[in-house]
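Quick notes on the structure that follows.
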Amino acid sequence: MTITPVYTTFTPTKTPIKFFMAGLTFLIAHISHADDGRTDNQEPINQEIATLEPIINHAQPELLSHDALTPKIEPILAQTPNPAEDTLIADEALLLDNPDLLNHALNSAVMTNHMAGVHALLPIYQKLPKDHQNGILLGYANALAALDKGNAKKAIDELRRIIAIMPEYNVVRFHLARALFMDKQNEAALDQFNKLHADNLPEEVRQVVGQYRQALKQRDSWTWQVGMNLAKEDNINQTPKNTTQGQWTFDKPIDAITLSYQLGADKKWSLPKGAYVGANAQIYGKHHQNHKKYNDHWGRLGANLGFADAKKDLSIETYGEKRFYGHERYTDTIGIRMSVDYRINPKFQSLNAIDISRLTNHRTPRADSNNTLYSTSLIYYPNATRYYLLGADFYDEKVPQDPSDSYQRRGIRTAWGQEWAGGLSSRAQISINKRHYQGANLTSGGQIRHDKQMQASLSLWHRDIHKWGITPRLTISTNINKSNDIKANYHKNQMFVEFSRIF
């Protein structure tokens, strides 16, 4: 494909914004980063808590973009390129010999937001002698190219330089506001969008600006999550299948109807330069109507300070947790968590966390523990309808007064999420862990305890089945623990329909 230049000069006004803002979609995506799978082993009957996502709660990315509430520009171009071609081929020698032609060609590509043309012509334009270059045009083309490649910071620098020279040009101001939005500089982005909104804009442009302003307000609004499921759960007391082993006799496995619930709220307050502070609260647990001594309820409060831009989100959080087991106070936990969410490129994302905590056991004071978790995940998005996750974890629990309860756990996990044709969606997850304890106990035959654990789940839902913003999900899960400690061998299955909503 060759370039047909449009002979106009680079004199942006308020009207060219119509050309590149003709098409608009409003894309909403949510990545639920659930808990990272930290398991408290200091429980009566060694029961592991599973909330609404009972198996691999390390990272639950939804499909599509990681950023939420991001309007997406789909411009109408002055030319109609061949859909089979991704790039434009330009005669570099011809254009360098004709600086006016090159200026007009790049100007045409910039003013129509024709990114293939901008990417093809910009490297050639940069080879022109300085006295043949238009500095504003060069900066604007650099900014658009940087935005197209996701380099919001470079685009912001270029666009701020231009807007300082030409503050009345709203087409430039719009791209500056959009770059600030991408870089999560929320206060600065809102300031630019407010200036645009106050001007005399065409109605279609005003609607786009309004959607960005609304998206920015929602970034700082309260987010609520409510969910519950009712399930028939087997072996809630997690006892061995064989209740008599040698001189030991164990309770029979108990099957029960389990109500699992979760309620959460969180909020961020944006600060300058992409910084923010946040607060969150959660309650979750399990209720067994006919076996209340196995009821398990948790509450958590957290406050965090962070920094986010288009590529990364860095956060440090302090939190406190309270747990009640069988309606009695069981444990208190205080901790600090550091996390890094980094978008490597549009296809890959990494999630990393370090969590250090102190647990106080009110039922068994000698079981107080110091805990450390290291967690990392890599997510691959081959397209907008699929993702794959691979993760690894290391958890160290030290119980100073009882080495037999101290252990280290190493694990790997994987997940696959898919949107199928016809509206069906699925998520499959599996994790494999090994625990190595520091001491022996009576039921391990005097040997140091070693456990192998496998957890797996499959969730299915239909995207067209929803009511009041709730899409029911069918989940089947299994949890197998094999140990040389005879009381720690168990196998339990669950099947339930989950109802949850985020708003």
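The backbone N, Cα and C atoms fix where each Cβ goes, glycine too.
According to Swiss-Prot, the signal peptide annotation covers 1-34, on the basis of sequence analysis.
Here Swiss-Prot flags 38-220 as region 'N-terminal domain'.
DSSP states for the repeat 'TPR' (136-169), grouped as helix (H, G, I), strand (E, B) and coil, give 27 helix, 0 strand, 7 coil. The repeat 'TPR' annotation in Swiss-Prot covers 136-169.
Confidence for the region 'C-terminal probable beta barrel' (221-503), expressed as mean pLDDT, is 89. According to Swiss-Prot, the region 'C-terminal probable beta barrel' annotation covers 221-503, on the basis of similarity to another entry.
The transmembrane segment annotation in Swiss-Prot covers 222-232 (among others) and is backed by sequence analysis.
Look at Swiss-Prot and you will find 259-270 (among others) tagged as transmembrane segment, backed by sequence analysis.
Tertiary proximity for the transmembrane segment (275-285) is limited to same-chain residues at least six positions away from its ends with a CB under 8 Å from its CB atoms, namely 49, 51-52, 186, 260-269, 295-308, 315, 317. The annotation transmembrane segment is assigned in Swiss-Prot to 275-285 (among others) on the grounds of sequence analysis.
Annotation source Swiss-Prot lists transmembrane segment at 299-308 (among others).
The transmembrane segment feature in Swiss-Prot is assigned to 313-322 (among others); the stated evidence is sequence analysis.
Annotation comment: Swiss-Prot describes 348-358 (among others) as transmembrane segment.
For 372-382 (among others), the entry in Swiss-Prot reads transmembrane segment, with the evidence type sequence analysis.
If you look up Swiss-Prot, you'll see 387-396 (among others) marked as transmembrane segment, on the strength of sequence analysis.
Annotated transmembrane segment per Swiss-Prot: 410-419 (among others), in sequence order.
Taken from Swiss-Prot, the feature transmembrane segment covers 424-434 (among others). Residues 37, 55-56, 60, 63, 393, 409-418, 450-463 of the same chain lie 6 or more positions beyond the ends of the transmembrane segment (424-434) yet place their CB under 8 Å from a CB of it.
The feature transmembrane segment is assigned by Swiss-Prot to 470-479 (among others), with sequence analysis given as support.
The transmembrane segment feature in Swiss-Prot is assigned to 493-503 (among others).
Sequence-remote contacts of a segment are chain residues at least 6 beyond its ends whose Cβ falls under 8 Å from one of its Cβ atoms, and for the repeat 'TPR' (136-169) they are 10, 12-14, 103, 106-107, 109-110, 113, 115, 118-119, 121-122, 125-126, 175-176, 178-180, 182-183, 185, 309-311, 345-346.
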